[in-house]
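Here is what Swiss-Prot records for this protein:
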{"type": "DOMAIN", "residues": "9-199", "note": "domain 'Glutamine amidotransferase type-1'"}
{"type": "ACT_SITE", "residues": "C86", "note": "active site, nucleophile"}
{"type": "ACT_SITE", "residues": "H173", "note": "active site"}
{"type": "ACT_SITE", "residues": "E175", "note": "active site"}
{"type": "DOMAIN", "residues": "200-392", "note": "domain 'GMPS ATP-PPase'"}
{"type": "BINDING", "residues": "S227, G228, G229, V230, D231, S232, S233", "note": "ATP binding site"}
Amino acid sequence: MTKNIHDQRILILDFGSQYTQLVARRVREIGVYCELWSWDVEEADIREFNPDGIILSGGPESVTEANSPRAPQYVFDSGVPVFGVCYGMQTMAEQLGGRVATSDEREFGYAQVKISGESALFKDLDLTQDVWMSHGDKVVEIPADFVKIGETDTCPYAAMANEEKKYYGVQFHPEVTHTKNGLQMLENFVLGVCGCERLWTSESIIEDAVARIKEQVGNDEVILGLSGGVDSSVVAMLVHRAIGSKLTCVFVDNGLLRLNEGEQVMEMFGDKFGLNIIKVDAEERFLKALEGIDEPEAKRKTIGRVFVEVFDEESKKLSNAKWLAQGTIYPDVIESAASKTGKAHVIKSHHNVGGLPDDMKMGLVEPLRELFKDEVRKIGLELGLPYNMLYRHPFPGPGLGVRVLGEVKKEYCDLLRRADAIFIEELHAADLYNKVSQAFTVFLPVRSVGVMGDGRKYDWVVSLRAVETIDFMTAHWAHLPYEFLGKVSNRIINEVNGISRVVYDISGKPPATIEWE
């Protein structure tokens, strides 16, 4: 490796916008390493990070309010280029001598920005740009040493710049796809203004991760809880590439997986890629622990607790293992970082081996902790994992445990597995699978009357669920063709003995959540 992929870096200060992680993903997409920190970071931390440029994100607060967030003064004393986006532009203007006021007309949605003058930010772009606005306040006076470089009909200062100091501000969101040339603007800032090189690529990330794993664990043995999900699968491939047979994967079949999933995991990682895998058939143990429990959070906790017990027992048999590999990714790290003002993301309890007992006394190997999910998928492809595995729809950590409503029983799981497999198979056959963001089947523990032949029968009900979403924070139910839904329903009722009725969930998020439990 000729250059350290972390040598050139952008710091993004988070003021709370729903799009902030998207800014970071775009910078990574450009090929430059970046980190996302809360706006109230200490000067010493910025100095130590030593960024080549700083981006101030958007945010929900109003600069006109007392005690609203401000960028640390060091941002403007550091001598590095600064790019303020939406709220970031407003706080930049206010802090450097301009003025912000609440607008008479709020601007949400598409707008056209007329570019004026020549700016490095808009290099090689047309003089009219389609952009995405989302603001109630606006800059009404720019700082004395700034010039206007863009305006809309309702926003006189849609973009401003101090070319000498390399300070830029835009009132719109260049990070969203609705801003047609937003990525080019970010490229102009990151590559052009900040002078960064494209060192952050899938190949270089793999090379760096493998080198770091080797350095961290030396000749020690490592264990990994392999679920067959994207994160743990990519960790398995990376660690195996680094240390080969010194990695042992523990695959716990809890009886709550999709149809044939256990066999597929063993076949892919054991037979095809040659990893050491211990398969633990723990279906009976999990179902026994879940007996009589019908409350969703209690089910989650029970599944998590039993997984930890099983994994702990298996790890004790591997007495030489000194390291535990985990699939922690960058959004987990961001969510776990508490801001000193309490405004940062709260810690989320993830269903993974993060809850393992303290007495395991193992070091952690987390090769994905700098990566976003889309980056994890890209390096998974580079490592040889199949596309359809890396890009399949999300599956909850507790598995069918939260897709069987109420108490979980083997009979219910077996019926649900088969019904769900039919739904997914038909989505692929109709070329609809990649057109929806997530699709699955839910088992309802209620019997409904049906007619089969000359007789009536009371059998179970399942619900099909398919949604379209960009970020999973909000979602629309997918308008699947009636003919398609009819075909899926007929197949399930005819092929899965025990199901007499199929319904389709047409609830959006909000008010409903995507999963039923």
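Backbone N, Cα and C define each Cβ position, glycine as well.
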Shortest C-alpha distance to D231 (ATP binding site) - which of the active-site residues C86, H173, E175:
E175
Cβ packing number for S232 (ATP binding site), 10 Å threshold:
22
Please report the distance from the Cα of G229 (ATP binding site) to the Cα of E175 (active site), rounded to the nearest angstrom.
28
Which one is it, among the binding-site residues S227, G228, V230, S232, S233, that lies nearest to E175 (active site) by Cα separation?
V230
Do me a favour and check the Cα-Cα span between S227 (ATP binding site) and H173 (active site); whole Å is fine.
37
Between S233 (ATP binding site) and H173 (active site), find the distance joining the two CA atoms and give it rounded to the nearest Å.
34
For each of the binding-site residues (G228, G229), count the other CB atoms lying within 10 A of its CB, then report the residue with the highest count.
G228
Within 8 Å of the centroid of the Cβ atoms of S227, G228, G229, V230, D231, S232, S233, which other residues of that chain place their own Cβ, given that this set defines the recorded ATP site?
L226, V234, V235, G327
Write out the long-range same-chain contacts of V230 (ATP binding site), meaning residues 6 or more apart in sequence whose Cβ is under 8 Å from its Cβ.
K373, V376, R377, G380, M389, L390
For the recorded positions listed here (E175, D231), which one has the lowest count of neighbouring CB atoms within 10 Å of its own CB?
D231
